[in-house]
Amino acid sequence: MDFWPEFMATSWGREFVAGGFGGVAGIISGYPLDTLRIRQQQSSKSGSAFSILRRMLAIEGPSSLYRGMAAPLASVTFQNAMVFQIYAIFSRSFDSSVPLVEPPSYRGVALGGVATGAVQSLLLTPVELIKIRLQLQQTKSGPITLAKSILRRQGLQGLYRGLTITVLRDAPAHGLYFWTYEYVRERLHPGCRKTGQENLRTMLVAGGLAGVASWVACYPLDVVKTRLQQGHGAYEGIADCFRKSVKQEGYTVLWRGLGTAVARAFVVNGAIFAAYEVALRCLFNQSPSPDIVTGD
């Protein structure tokens, strides 16, 4: 059987591939900033992203900014593709009164995003745990070696440390994420939710603002998640991590690295949505708007 031609002939297959392109674009464009964010969050000392960057470059070299990228990059095609697929299903399921020829309602978009965030946490938790530990270490062991080590010492439960906090972070954040994207793109280019003819600038701005909104909303939970997953065994659970972190470093610790995260969120999510939408149009042979490249 010729699997690939048959797979690409389906709308599901083309949407899956487009989602993969979006995920790869997001990882490559924002990974150095993500590494800086992780370093800021786990540090017991407040330090600017620039000072951490300077120290990393001096001690560990430029490659340290991309350490651990293989883990999310290897899984991101499947993960991001599934996120868009699951969202498309749930956004319709939560508001079935909307005709299929119309775009999903904003209510369906928000609830579909919440459900999508909860489901994708099952895949994301072990990937992010490995990524975080690779980003924090100064040795050069790879993701497979680290995963085998965790499985040998702690079993599957070790890879899923932080699942609850990941669900708590991602479910509401994804609801806000997709709602913001749909709302902003419609405001910037009225009617585009139905026609799909927004320009590249609209995709980049709407995607970027969606990323910023979702990260600001969930950031304290992300700080707690990073500390739980770093592997030092200093915390017994979510409440213990929150309590100890605030007691030792004050409430500002919950927002440490936010500036770096916001900058990364705008770049990454603008790239994700732009790459996804452009790839989808190419795969469906849909003629894009004449100004898609110029953004006029």
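Cβ coordinates are placed from backbone N, Cα and C, and glycine is handled just like the others.
Per Swiss-Prot, the feature repeat 'Solcar 1' maps to 13-93. Residues or ranges marked as repeat 'Solcar 2' in Swiss-Prot: 104-187. Summarising the annotation, Swiss-Prot assigns repeat 'Solcar 3' to 198-282. Annotation comment: Swiss-Prot describes 16-36, 70-90, 110-130, 162-181, 204-224, 260-280 as transmembrane segment, evidence class sequence analysis.
Beyond its flanks by at least six residues, the transmembrane segment (110-130) meets 68, 71-72, 75, 78-79, 82-83, 86-95, 104, 143, 146-147, 150, 159-163, 166-167, 170-179, 225, 229 of its own chain at Cβ-Cβ distances under 8 Å. Non-local neighbours of the transmembrane segment (162-181) in the same chain are 83, 87, 91, 106, 109-118, 120-122, 124-125, 128-129, 206-207, 209-211, 213-215, 217-218, 221-222, 224-225, 228-229, 238, 269, 273; each lies 6+ residues outside the stretch with a CB under 8 Å from one of its CB atoms. Counting same-chain residues at least six beyond the ends of the transmembrane segment (16-36), those with a Cβ under 8 angstroms from any Cβ of the stretch are 8, 49, 52-53, 56, 64-69, 72-73, 76-85, 135, 257, 260-261, 263-265, 267-269, 271-277, 279-280, 283. Mapped onto DSSP helix, strand and coil, the repeat 'Solcar 2' (104-187) counts 72 helix, 0 strand, 12 coil. Listed by sequence, the residues of this chain that lie at least six past the ends of the transmembrane segment (70-90) yet keep a Cβ under 8 A from its Cβ atoms are 12, 15-20, 22-24, 26-28, 31, 108, 111-113, 115-116, 119-120, 123-124, 127-128, 130-131, 134, 142-143, 174, 178, 272, 276. Mean pLDDT of the predicted structure over the repeat 'Solcar 1' (13-93): 83.
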